[in-house]
Amino acid sequence: MTNIRKSHPLIKIVNNSFIDLPAPSSISSWWNFGSLLGICLALQILTGLFLAMHYTSDTSTAFNSVAHICRDVNYGWMLRYLHANGASMFFICLYLHVGRGLYYGSYMFKETWNMGVILLFAVMATAFMGYVLPWGQMSFWGATVITNLLSAIPYIGTDLVEWIWGGFSVDKATLTRFFAFHFLLPFIISALVMVHLLFLHETGSNNPTGIPSDMDMIPFHPYYTIKDILGLFMMIWALLSLVLFMPDLLGDPDNYSPANPLNTPPHIKPEWYFLFAYAILRSIPNKLGGVLALALSILILIIIPLLHTSKQRSMIFRPLSQCSFWLLTADLLTLTWIGGQPVEHPYIIIGQLASILYFLIIIVIMPLAXLMENLLLKW
């Protein structure tokens with residue numbers, strides 16, 4: 001009799017995806033982040049579902065409903081902080097996952113990579129809308145500033161912004177629709193994740209060397225299930241440390257004040273995971289130029305496979321490309337720092353230089369480094 005695991009139409013799919021899946025024997029801990037992202041998504045959907053049972057998406061009661069969740073609901077404070085800090089863990093894993101893809105040349109699986117970029121956009125949109133829901137000062141003004149950027153689009157901009165707002169300012173209609181979309185998008189993301197995995201399993205995983213490993217594969221279970229569980233424990237430890245000891249470390253104190261359209265906070269800034277893009281947006285004095293730079297800072301990931309000039313896939317044996325990669329990492333950390341600073345000297349010029357360097361590294365320095373390495377191979 002055939003094992004049900006291999007014969008049942010539904011269980012067979014799970015088996016071929018997570019149990020008998022052939023995986024390269026050499027993949028390192030940098031390959032753990034895919035499974036961690038899946039767990040983050042599941043955690044966010046679960047905690048979000050329970051929060052939605054107590055939250056009200058009305059401007060007059062939203063702020064108080066969040067306070068009610070924290071004070072009166074059984075373990076409501078824990079649900080709220082797991083959800084808020086879970087988003088931070090989600091983005092840490094996301095950025096490390098994308099960084100891994102860049103370093104080891106995983107972007108050469110073009111369908112998987114492009115699907116990943118779409119997922120990144122979807123997660124960013126979800127996180128932005130979720131930040132608006134507590135209806136604190138930074139929620140309101142963050143929503144106002146970011147949605148207002150669309151008014152820079154020629155001809156249709158103003159109409160588009162008013163259409164998104166559902167009126168002439170961020171108000172009741174905006175909050176209600178943001179809650180609806182914030183609830184809906186994670187389920188769409190779950191479907192996109194399945195497509196992402198479908199594309200990945202067409203080719204199989206990449207490995208640190210970047211060399212095809214078809215002749216050296218091992219089953220995913222038990223080897224990588226055990227390895228992923230270790231990563232999971234480490235992530236849960238980090239998340240619980242945040243939630244139980246420093247729940248407000250990554251939040252903004254302004255969000256503990258109810259939204260007030262008549263009082264603008266001195267420094268409007270998004271959550272830490274958007275600061276790099278916010279710094280790029282602010283570094284350009286022109287509104288439309290800033291919006292384009294903001295969009296391109298993420299969209300540029302799509303053209304990375306086209307900018308690959310090296311004869312080798314991975315950066316593991318390419319010292320010049322490694323230098324450019326770590327320069328990019330340092331530049332992104334600089335942008336993240338600048339995004340959280342006020343718009344004054346010397347932060348303005350640092351932000352502008354870091355923004356120029358960001359695009360320069362990806363479009364010019366990385367492809368040139370690879371061409372030089374090709375010449376060094378001959379030498």
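Here the Cβ of each residue, glycine as well, is placed from N, Cα and C on the backbone.
Database features (Swiss-Prot):
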TRANSMEM  33-53  transmembrane segment
TRANSMEM  77-98  transmembrane segment
BINDING   HIS83, HIS182  heme b b562 binding site
BINDING   HIS97, HIS196  heme b b566 binding site
TRANSMEM  113-133  transmembrane segment
TRANSMEM  178-198  transmembrane segment
BINDING   HIS201  ubiquinone binding site
TRANSMEM  226-246  transmembrane segment
TRANSMEM  288-308  transmembrane segment
TRANSMEM  320-340  transmembrane segment
TRANSMEM  347-367  transmembrane segment
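The sparsest Cβ neighbourhood within 10 Å, among the listed binding-site residues (HIS83, HIS182, HIS201), is found at HIS201. Counted over residue pairs 6 or more apart, the CB atoms of the transmembrane segment (33-53) and the transmembrane segment (347-367) come under 8 Å in fewer than three pairs, which marks the two as apart.
Across the structure, HIS83 (heme b b562 binding site) and HIS97 (heme b b566 binding site) are spaced 20 Å apart at their Cα atoms. Counting Cβ pairs closer than 8 Å and at least 6 residues apart in sequence, the transmembrane segment (77-98) and the transmembrane segment (226-246) reach three or more and so form a contact. When the C-alpha distances from HIS182 (heme b b562 binding site) to the binding-site residues HIS97, HIS196, HIS201 are tabulated, the minimum falls on HIS196. Counted over residue pairs separated by six or more positions, the transmembrane segment (320-340) shares fewer than 3 Cβ pairs under 8 angstroms with the transmembrane segment (288-308), which leaves the two as not touching.
Using a 10 Å radius centred on the Cβ of HIS97 (heme b b566 binding site) and all shown protein chains, the other Cβ atoms total 20. Taking a C-beta cut-off of under 8 Å and a sequence gap of six or more, HIS196 (heme b b566 binding site) has these contacts in its own chain: THR112, MET115, GLY116, LEU119. Distant neighbours of the transmembrane segment (347-367): 279-280, 282-284, 293, 296-297, 300, 304, 307-309, 321, 324-325, 327-328, 331-332, 334-335, 338-339, 341; these residues of the same chain sit at least 6 beyond its ends, with a Cβ under 8 Å from one of its Cβ atoms. Cα to Cα, HIS97 (heme b b566 binding site) and HIS201 (ubiquinone binding site) are separated by 17 Å.
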